[in-house]
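For reference, the structure is listed below as structure tokens.
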Amino acid sequence: MIPLKIAIAGVNGRMGRVLVEAVNNHPDTVLSGALEHSGSEALGLDAGYAVGLKTGIAISDDVDTVLAQSDVLIDFTRPEPTLKHLQKCVEKQVNIIIGTTGFDDAGKAAIQAAGEKTGVVFAANFSVGVNLTFHLLDTVARVLNEGYDIEIIEGHHRHKVDAPSGTALRMGEVIAGALGRDLKQCAVYGREGHTGPRDPSTIGFATVRAGDIVGDHTALFATDGERVEITHKASSRMTFAAGAVRAAVWVNGKTGLYDMQDVLGLNNR
């Protein structure tokens, strides 16, 4: 079997370094390119330098050259560079795995449009456990239905720049969808001062940013006399990286916009 050629954007970042290991660990993939922004001190270094691997792939800022020798790009960077990479992937018919969060509506529309021309897997979280959690939340929300106050609490490391996390927002979207609500209309982001009684139709969000928390997410359903909590805690970024590589292998040869639920076969159940 010919190995799938995977390039990584933001290879010198926290996720990028773990992705190098994940690609190296998978029996059916090989690292074909490593991207960093112009001016990065890592340019020219071996892509595996930070994790003790010798990949033979030099870190580059030449997107065109990297994509020309790759089957798929994995991108966990920021919205602006991700959208630029997305356009290049469409032009060169290279699949893309997007783990970047914080897109506005225009960015999400661009991703959706790209799915008409190449293979795109766009997910708020690539952890298998988190995606099973999404599946559970849909079931729980439908069964409990009305009468429960819903709150989502998430925590991440001090360096995370967007809040709430993409995973927390996706949890809210899943719950709202199961209840026939529009998250944009019912979400409450933080509370301060005299807020008055809680509106039972709302879904609340609370955010923690501290230390080196990789990712903690809890969905709370509370009513008089009982409380249901569904929690996922990540202790290593490898869970996200391994899921992204799994998605890259799965989307090979496909065109369309998919999420991790598709990769795991959960949308067919």
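Yeah, the Cβs are placed from backbone N, Cα and C, and that goes for glycine too.
The annotation in Swiss-Prot ties Gly10, Val11, Asn12, Gly13, Arg14, Met15, Gly99, Thr100, Thr101, Ala123, Ala124, Asn125, Phe126 to NAD(+), and of the candidates under consideration, Glu36, Glu80, Glu146, the one tied to the same site is Glu36.
Arg14 (NAD(+) binding site) sits 18 Å from Thr167 ((S)-2,3,4,5-tetrahydrodipicolinate binding site), taking the Cα positions as reference. The separation of Lys160 (active site, proton donor) from Asn12 (NAD(+) binding site), Cα to Cα, is 16 Å. Sequence-distant neighbours of Gly10 (NAD(+) binding site) (same chain, six or more apart, CB under 8 Å from its CB) are Gly16, Leu35, Glu36, Asp75, Phe76, Thr77, Pro81, listed in sequence order. Ala123 (NAD(+) binding site) and Gly166 ((S)-2,3,4,5-tetrahydrodipicolinate binding site) have their C-alpha atoms 9 Å apart, to the nearest angstrom. Counting every protein chain shown, the Cβ of Thr167 ((S)-2,3,4,5-tetrahydrodipicolinate binding site) has 26 other Cβ atoms within 10 Å.
Checking each of the recorded positions Asn125, His156, Lys160 against Gly166 ((S)-2,3,4,5-tetrahydrodipicolinate binding site) by C-alpha distance, the shortest gap belongs to Asn125.
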